[in-house]
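Engineer: In case it helps, Swiss-Prot gives these features for our protein:
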BINDING   Thr37, Gly38, Leu39, Leu40, Tyr60, Ser61, Arg62, Asn71, Leu72, Cys93, Arg97, Tyr159  NADP(+) binding site
REGION    319-334  region 'Required for interaction with MAT2A'
Amino acid sequence: MEGRYKDYRIRFSPGWVEVVQDDVTVPSRRALITGATGLLGRAVYKEFKENSWHVLGCGYSRARPRFECLNLLDEAAVKALIQDFKPHVIIHCAAERRPDIVESQPELASLLNVVASENLAKVAAGVGAFLIYVSSDYVFDGTSPPYREDSIPHPLNLYGKTKLDGERAVLQNNEGAAVLRVPVMYGDVEKLSESAVTILFDKVQFSNKSANLDHCQQRFPTHVKDVATVCLQLTERKIQDPSIKGIYHWSGNEQMTKYEIACAMADAFNLPSSHLRPITDEPVGATPRPWNPQLDCSKLEKMGIGQRTPFRVGIRETLWPFLVDKRWRQTVFH
């Protein structure tokens, strides 16, 4: 579905100037992406854009020229933007996702993860937009995996609690909304520290120094482009079937500790891994994290929804621009 509008451009020639009117075709399906400047948000923005949606991306601290600068804590601004753009779907990617930061700044984290999500749910319901709230596997304590959508949540840390409270606020204020729980993600990062997965790469590359890595807590690293695909598929299914709502799970299916993730990175680039040391003791003084919050994704799988990128394939594509050994990069990729 597409719409047309008039656009104007100025054509310059020697001795004269002409104003030219063009017909411009734009998709009539509209998607609003919050947190569009973040790792997941960028992938979701790209996925909808490449599938003929008219996409408006919002950011705040990292807002850029092509994105709308929007403070999600400003209720009036959020309402005005949504009522003006009239999106068919809102993918709510914006969140404070770092557990340690949430513990140190609980009030601010609660405002963004809970209060802003509640307000967004209300406004989305008011304009009839389908809302997908991206949540986390940290709503579970990790003691009895795998977890289904109807498993009883029990977050161990404040981050997990704010995401769970955000889920409840969304579903209580927008009965047609969906919650998509996902695990730790990686993808086309702007810097290695943007993902809890890719941040390990420096420890892998600098093999002249031993590195201690957790070999206890289980993780399921998931590519953001796979999550973006699920968001698009779920949205397009909603258009056909209004009963699509409630909680869904999506996750990569390769189980790894941080130590195993680092070893897989080393293997992907033929780098040494003997300097990587597995630590099986529980971290002392760290923010508590679930041991194994594996998500059961069979609900979406039975619907024919989902995509999984093999970890070694995805991590190689993600990390090669950050290789210190440029000669290796040029040899393999060019």
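Residue numbers in this text run from 1 along the chain shown.
Each residue, glycine too, has its Cβ placed from N, Cα and C.
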Engineer: Please report the number of other Cβ atoms within 10 Å of the Cβ of Leu39 (NADP(+) binding site).
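Structural biologist: Looking across every protein chain shown, the total is 20.
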Engineer: Looking only at the region 'Required for interaction with MAT2A' (319-334), what is the model's average confidence as pLDDT?
Structural biologist: 69
Engineer: Under a criterion of Cβ-Cβ distance under 8 Å and sequence separation of at least 6, what residues of the same chain contact Arg97 (NADP(+) binding site)?
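Structural biologist: In sequence order, the residues whose Cβ lies under 8 Å from that of Arg97 (NADP(+) binding site) (at least 6 apart) are Ser136, Tyr159.
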